[in-house]
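Structure first, then comments.
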Amino acid sequence: MIRCLIVDDERFARELIEDNIRLIPFLDLVASCKNTDEAMKVMATEQIDLVFLDIQMPGLSGIQWLGAGLINSPMVIMITAYENYALEGFNLNVLDYVVKPVAFDRFLKAANKAMELYMLKNKQAPALPAEPNTLFVNSDYSLVRINMDHITHIEGLKDYIKIFQLNTERPIIPRLTLHYMEAKLPATSFLRVHRSYIVALDKIISIKRNRLYLPDADIPFTDNYRPQLMEYIGQHS
């Protein structure tokens, strides 16, 4: 578990980060502080692996705290509303820089980066997530948990995607790209079959000409993706 500390003077921002940390199995929230003075007291008595640090705060700012070498944590992720501090933050060797308001998918990407570095430093095998077949996406201003075993197919629509699930008429529509989703899904279970579609391989009922028939839909596939599809069929014939 990565032991985390939040330092942010905005209560709402702290609460959002706290909620995000609780959704990630390998993060453990030790304390949430409203300024650097409180944070230094915590770090004097607790082992902290990762600090989520705001930049602009009353008293000693996050940048000043970093520049003075007062943080003994090996990893720092900056979370702030000010994009112009990104370069300065990276010059101070922060792990990542996340701009408010923080979307969960972007927060998760930064957390995964911290986990990779933590594993490298400690030479441990990664802990398995509590529910490896689920993922979270932002849709309709809510964080939605999706069971990947229930996905039949995904349709790409520019900056949005539609995630279709078994026995569910209404798709989930997060603001994500199909390329991003393709990278998140296990390649052994999902396949890009068209520039606009990803299919769950175990949900294919039949294939006719250039269409795949699923439990509640049929979708096209193109010749570019035929070899990978035929390879899967060959392995299951």
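Keep in mind that glycine also has a Cβ here, set from the backbone N, Cα and C atoms.
Look at the domain 'Response regulatory' (3-115): DSSP puts its residues at 49 helix, 26 strand, 38 coil. Taken from TrEMBL, the feature domain 'Response regulatory' applies to 3-115.
Annotation comment: TrEMBL describes D54 as 4-aspartylphosphate. Take the CB of D54 (4-aspartylphosphate) and look out to 10 A: across all protein chains shown you find 24 other CB atoms.
If you look up TrEMBL, you'll see 175-235 marked as domain 'HTH LytTR-type'.
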